[in-house]
């Protein structure tokens, strides 16, 4: 029995991975994150020169000499906005799309555990996010070292890990949202409602420390030395525990949900 379960996981994982290739999700993610990784240091380097061209129109803008911190500021801005947005849109139909297909019902009737569907979906989504995010980080790191040699950021590691963990939390939220509906639009609506609650919670000072969105909000303070890495602890724990609870809830709902 245990061997059959493992084989089921492997087969479904292979199916999910091949589907991400055939539907160009992997290609789109890698392309978008590669572009974001290149643009982050380049925009930091070229922005002062672009703004200096406005002086001919009588507008004088004085900016400090660009540094490595400016490159990483662009990185976190680009990933937390465009990168996560593209990721969420691409994966919004992951779970809900399966329930809309008739093939899933046949596979479940043949003995495929429902938990395999949910957990493997999340695993593949997390791998794609990690690979894409890692690509953007590596490209930005290399270009930043080339354009701004001899400069380093002491709290870069915690800031990078914090944003990565936020991505994993958002993917768990998508999986949870997807088990309730049969469309990507419904998934986005439910997930958007969850994000709205987190945004409202940020207005409560006592809860702000534990808000998963704080993992992105603290990126710039960490880079500038205005915050300590320990300030991420509360949000990181909430994101990790929250992701686990969302997946557990998704499993419970999916096991009881009729698929017809």
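From the backbone N, Cα and C atoms, a Cβ is placed for every residue, glycine too.
What you see is a predicted model, and the numbers here were worked out from it, not measured in a lab.
According to TrEMBL, the transmembrane segment annotation covers 84-109 (among others).
Tertiary neighbourhood of the transmembrane segment (121-141): same-chain residues 13, 16-17, 20, 25-26, 29-30, 32-34, 36-38, 40-41, 71-72, 75, 78-79, 83, 87, 91, 94-95, 98, 160, 163-164, 167-168, 171-172, 174-175, 247, selected by CB-CB distance under 8 Å and a gap of 6+ residues from either end. If you look up TrEMBL, you'll see 121-141 (among others) marked as transmembrane segment.
Beyond the ends of the transmembrane segment (161-181), by six or more residues, the same chain brings 76, 79-80, 84, 87-88, 91-96, 99, 118, 121-122, 125-126, 129-130, 133, 187-191, 194-195, 212-213, 215-216, 218-219, 222, 232, 235-236, 239-240, 242-244, 246-247, 249-250, 253-254, 257 to within a C-beta distance below 8 angstroms of the stretch. What TrEMBL records for 161-181 (among others) is transmembrane segment.
Residues 88-89, 92, 170, 173-174, 176-177, 180-181, 213-214, 217 of the same chain, all 6+ positions outside the transmembrane segment (188-207), place their C-beta atoms under 8 angstroms from a C-beta of that stretch. The transmembrane segment annotation in TrEMBL covers 188-207 (among others).
Residues annotated as transmembrane segment in TrEMBL: 227-254 (among others).
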